[in-house]
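*Asks:* First the structure, which I've put down as structure tokens, then a few questions once you've had a look.
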Amino acid sequence: MSTLDTVSAAEGTPAPGRPRPKSTGGGGFGRYLLVRFLLIFPTIFILVTLVFFLMRTTGDPITAAQGGRLGPEALAELRAAAGFDRPLLVQYFEYLAQIATLDFGSTLTTNRPVVEVLATYGPATFELVFYSLIVAFAVGIPLGLLTAYYRDKPQDAVFRVLAIYWYAVPVFFAGLILKLIFSVWLGWFPVAGRATVSAELQMQVQPNKTGFYTIDALMTGNPEVLIDVLSHAVLPAIALGLLTAGIFLRLVRTNVIGTLATDYVDAARSRGVAEFRLLRKHAYRPALIPIVTVIGLQIALLLSGAVLTETTFEWKGLGFILAEFLESRDFVAVQGIVVLLAVIVAVTNFVVDIIAAFIDPRVRY
Amino acid sequence: MAVASVTPARRRLRDRLPVVHQLRQSVGLQRGMLVAGLVMLGVFVLVTILAPVLAPYGFAQRADGEGSFGTQQPPSAEHLFGTTVGGYDVLSRVIWGTQTALLVVIVAVLLSIFIGVALGLYSGYFGGWLDRLLVVVFDAIYAFPSLLLAIVLSIVISGGQSSLWGGVLAAAGSIVVVFIPQYFRVIRAETVRIKAEPFVESAKVLGASNSRIVFKHVFRNATRTLPLIITLNSAEAILTLAALGFLGFGIEPTAAAEWGYDLFKAQSDVTSGIWWTALYPGLAIVFAVLGIMLVGESLNDLADPRLRGRRRVAQASGQVAETSVVPGGTLTAGPGGLGGLEDEETFGDQGIEVRR
């Protein structure tokens, strides 16, 4: 994803020779909102189509899952029962109609509705991404400001190399090493999972449990359960968070260097504005728009990272379950999860674009 | 056209070679990072070539004349990095793994450049409905978590496991699909911009054919950002290959050595305190990726006048224009001129830092 700044630079170029039409007052934002909202659907549609046809080139899900285990007759029977022997296009349109009603079918291995699987494991992934974003913001943005301010000085050098290093370390390797040092050798944090069994039991008996363990733990009112849940989240959040922090650092640094060189920063400095305030208010604020936009695009990277982090720490979220379904070749489930993640990415990008347009009127159509 | 009257002298070869030119241009920390990255890359390539000499054993070897290696043996004189749970020598697999990684990088990057550049040129130059379709489709793919797409594709290509070439092609193929949109976007944006330049118009007036304009004028001017994207993509290719291996979609251990697969197998070792099976393959990935990233990061900074080292800015102001699309052009004479430079800004109005 580190090519992003290059790419966005090229994309941001307005078409030469064609003056940008002036926005017509208040109507501009509403229209932009609508157009941008409608653009979500082709994105999702394309991805669903792509995934559907790609998966079917391997054959139908039942042959893929059961091939070799069942005789050809039993296989044909199962395929006919599931409707996989009909023309591909018919199945495709049927699948589209199904998805439109939010019915993703049932998993082949466990015969649970995919929607239910998503509802069970989704909150775990959400929690992991949330915690790692906290780590990424807490580490990436201050360090980005620092490196921009001390540009080309030793501080800059150290943290930039560190940022590249964080990005170069695969998140699962970082996870394994963190686990080895802090769980196995030092014993500070649990090795894997989202909570210990006893804590999980206490949360299970809650009348209206949410699946978000932090919230559930708070509802039990037992501080030990909460500590247990939080201590499980520390290492995964650091592993995934540092990867993202490296990207945030680069991003903040590049953009703040740009704003630090502007005349109004010089002007503010000559008026005697304190250096810290200068950095926080005058340089950082205007740099926020490109930062927000690119951070929004990182959601795709975060989800990829979450799949790997969850597998490393046996964090029972969408990524973990996806890896399990992959192993058992349960392609209906895989397809459902992939489509859901596509929807999440498309919607996030929509929200980010809207925020960017809200901050900066120039972005609107 | 100013360029026609003031034809700039052709630059010397050492100034035109992508990396060599930047090395000469760089200064201080940036040069340090570039040199460090190049050295690491050099070591990586050298190990790849010398793998048959360097590796003490084969990547799929479990026993030698003195009998079986034994499983999960700690590092010793015979096995400097110990042995894995499958009874392979860790050091040998780390060394042989460089070959797999390099092979995937080469296949993936070459294929995606070829397809991405061709489509980007077509789309940007001719436009039309195909252009619009490609933009929408590639934007959708670009926004999608690349790893998931790679997983889906590796299922499609190899059914999940494979021989050396099956595995390499599956990994490379899945990476290619993820990368094509990046090349496509960059090349298309550049092509659209270059198409409106006066030199393209004059070529048209002179009666040059479309293919001549595309290949002679547009292509050669649109590809200057490629070295940067190539380095970053190579790093990503290695990471994606390892991630696929880690999820169990890698190359079978008997077909080739692959670091991600070794980490996949080392997962349970870590819990019981066995560190050597995870540490060394992981470090190998970090080393390779870090080397490539350092080079890429330095190239990125050097291509951006705002980020280039300060001390040389005054001297290099003649070279600032080289980041515009005019090879050898100068700040005042190029058709891109200062306007071309401003197109490079991520956000408009700051101008270029030439004061210090």
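Any Cβ shown, glycine's included, is placed from N, Cα and C.
As annotated in TrEMBL:
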DOMAIN    B:98-296  domain 'ABC transmembrane type-1'
REGION    B:335-356  region 'Disordered'
TRANSMEM  B:33-55  transmembrane segment
TRANSMEM  B:101-121  transmembrane segment
TRANSMEM  B:133-157  transmembrane segment
TRANSMEM  B:163-184  transmembrane segment
TRANSMEM  B:226-251  transmembrane segment
TRANSMEM  B:274-296  transmembrane segment
*Asks:* Residues sitting near the transmembrane segment (B:163-184): Cβ under 8 Å, six or more positions beyond its termini, same chain?
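*Replies:* The answer is 100, 103-104, 107-109, 111-113, 115-117, 119-120, 123, 134, 138-139, 141-142, 146, 149-154, 157, 226, 229, 233, 236-237, 240-241, 244, 249-252, 255-256, 258.
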*Asks:* Taking a Cβ cut-off under 8 Å, which residues six or more beyond the ends of the transmembrane segment (B:101-121) line up next to it in the same chain?
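*Replies:* Tertiary neighbours of the transmembrane segment (B:101-121) are 44-45, 48, 134, 168-169, 171-173, 175-176, 179-188, 190-191, 214, 218-219, 222-223, 226, 230, 233-234, 237-238, 241, 258-259, 288.
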*Asks:* Given the transmembrane segment (B:33-55), which of the listed stretches B:133-157, B:226-251, B:274-296 has the most Cβ pairs that are under 8 Å apart from it?
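*Replies:* The stretch with the most close Cβ contacts to the transmembrane segment (B:33-55) is B:274-296.
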